[in-house]
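Visitor: Pasting the feature list from Swiss-Prot:
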BINDING   ARG80, LYS92, ARG235  ADP binding site
MOD_RES   SER7  phosphoserine
MOD_RES   LYS52  N6,N6,N6-trimethyllysine
MOD_RES   LYS147  N6-succinyllysine
MOD_RES   LYS245  N6-succinyllysine
MOD_RES   LYS272  N6-succinyllysine
REGION    235-240  region 'Important for transport activity'
REPEAT    6-98  repeat 'Solcar 1'
REPEAT    111-201  repeat 'Solcar 2'
REPEAT    212-297  repeat 'Solcar 3'
TRANSMEM  8-37  transmembrane segment
TRANSMEM  75-99  transmembrane segment
TRANSMEM  110-130  transmembrane segment
TRANSMEM  179-199  transmembrane segment
TRANSMEM  211-231  transmembrane segment
TRANSMEM  274-291  transmembrane segment
Amino acid sequence: MSDQALSFLKDFLAGGVAAAVSKTAVAPIERVKLLLQVQHASKQISAEKQYKGIIDCVVRIPKEQGFLSFWRGNLANVIRYFPTQALNFAFKDKYKQIFLGGVDRHKQFWRYFAGNLASGGAAGATSLCFVYPLDFARTRLAADVGKGAAQREFSGLGNCLTKIFKSDGLRGLYQGFNVSVQGIIIYRAAYFGVYDTAKGMLPDPKNVHIIVSWMIAQTVTAVAGLVSYPFDTVRRRMMMQSGRKGADIMYTGTVDCWKKIAKDEGAKAFFKGAWSNVLRGMGGAFVLVLYDEIKKYV
């Protein structure tokens with residue numbers, strides 16, 4: 001195996017393992033966030049049964065659906081996240097060679113910054129093309145609030161994918177893809193671009209204290225998450241459309257979804273669950289730092 005292939009494989013494994021561990025740890029926060037985001041577009045949650053906020057959601061989930069339901073959809077998320085994060089990190093370095101070849105970070109700061117933004121955004125968009133159906137299934141499984149098998153919309157990951165594919169075809173599994181690409185480019189650009197730029201400005205980027213790394217990563221994930229959050233809300237709402245027919249369809253398209261949320265629920269609705277997203281972002285920050293630490297030993 002060539003050095004290049006070995007380096008790619010190390011990136012793939014380090015990124016994937018770090019991501020799988022952190023995602024499972026923050027899965028309950030992720031599910032609360034998703035429910036708050038999509039409950040207005042759910043056929044299972046009537047207006048009077050909607051969650052009032054994070055605390056109400058955290059209290060009611062174990063009571064109504066059982067404690068383990070906090071991890072509903074987590075298998076899809078781990079399966080999805082392993083290739084997503086691993087491909088992101090692996091492609092990030094390939095894209096960095098394209099966008100940053102021969103750029104001096106101290107003498108050409110803005111070109112260096114722009115190159116980092118471009119490489120981070122391109123890496124995120126590329127990997128999304130491969131794993132979007134898993135992202136879709138993760139959202140639909142997390143939004144499924146039925147308690148027993150009879151009340152559930154889907155029995156599991158395979159059932160969700162096959163049911164929607166039979167109903168809507170491949171298009172159904174890629175519902176909301178366009179707005180996802182927009183959001184992911186904005187998020188990843190900040191996530192990787194600002195993180196790498198900040199680390200690159202330090203005197204000795206190769207030997208940064210783990211606490212400093214974590215603090216930089218924490219700030220980056222919180223800011224990136226909030227900036228791209230409205231795009232995430234719209235894409236999740238669009239995902240909830242798949243499998244619906246006729247009068248059940250809430251939004252005719254992405255633009256209609258943006259308009260209706262703003263008109264019917266107000267601008268605040270775009271940020272429903274955003275606070276839990278900041279908490280979940282701690283897991284994202286942990287991934288960046290853990291990835292750097294794992295790479296030192298492989």
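Glycine too: its Cβ is placed from the backbone N, Cα and C atoms.
Looking at the shown structure, what environment does each listed feature sit in?
Guide: Under 8 Å, Cβ to Cβ, and six or more positions away along its own chain, ARG80 (ADP binding site) finds VAL131, LEU134, ASP135, ALA137, ARG138.
The Cβ of SER7 (phosphoserine) lies under 8 Å from no Cβ of any same-chain residue at least six residues away in sequence.
The number of other Cβ atoms within 10 Å of the Cβ belonging to LYS52 (N6,N6,N6-trimethyllysine), over all protein chains shown, comes to 9. In the three-state DSSP classification, LYS52 (N6,N6,N6-trimethyllysine) falls within coil.
The Cβ of LYS147 (N6-succinyllysine) lies under 8 Å from the Cβ of GLU64, GLN65, GLY66, each of which sits 6+ residues away along the same chain.
In the three-state DSSP reading, LYS245 (N6-succinyllysine) counts as coil.
The Cβ of LYS272 (N6-succinyllysine) lies under 8 Å from the Cβ of LEU36, GLN37, THR233, each on the same chain and at least six residues away in sequence. A coil conformation is recorded for LYS272 (N6-succinyllysine) in the three-state DSSP classification, outside any helix or strand.
Long-range contacts of the region 'Important for transport activity' (235-240) within its own chain (CB-CB distance under 8 A, at least 6 residues past either end) are made by residues 34, 37-38, 40-42, 136, 139-140, 143, 175-177, 179-180, 183, 250-251, 254, 257, 261.
Mean per-residue pLDDT, taken over the repeat 'Solcar 3' (212-297), amounts to 85.
Below 8 angstroms of C-beta separation, residues 8, 11-16, 18-20, 23-24, 27, 30, 114-116, 118-120, 122-124, 126-128, 130-131, 134-135, 137-138, 141, 156-157, 160, 188, 192, 196, 287, 291 of the same chain, each at least six residues beyond the ends of the transmembrane segment (75-99), sit close to that stretch.
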Visitor: Neighbour count, 10 Å Cβ-Cβ cut-off, for ARG235 (ADP binding site): what number do you get?
Guide: 26
Visitor: Which Cβ among the recorded positions (LYS92, LYS245) has the fewest C-beta neighbours inside 10 Å?
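Guide: Per-residue Cβ counts within 10 Å for the recorded positions LYS92, LYS245 bottom out at LYS245.
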Visitor: Could you check which of the recorded positions (LYS92, ARG235, LYS245) sits closest to LYS52 (N6,N6,N6-trimethyllysine), going Cα to Cα?
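Guide: If we rank LYS92, ARG235, LYS245 by Cα distance to LYS52 (N6,N6,N6-trimethyllysine), first place goes to ARG235.
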Visitor: Sorry to bug you, but what's the C-alpha spacing from LYS245 (N6-succinyllysine) to ARG235 (ADP binding site), rounded to the closest Å?
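Guide: Between the alpha carbons of ARG235 (ADP binding site) and LYS245 (N6-succinyllysine) there are 19 Å.
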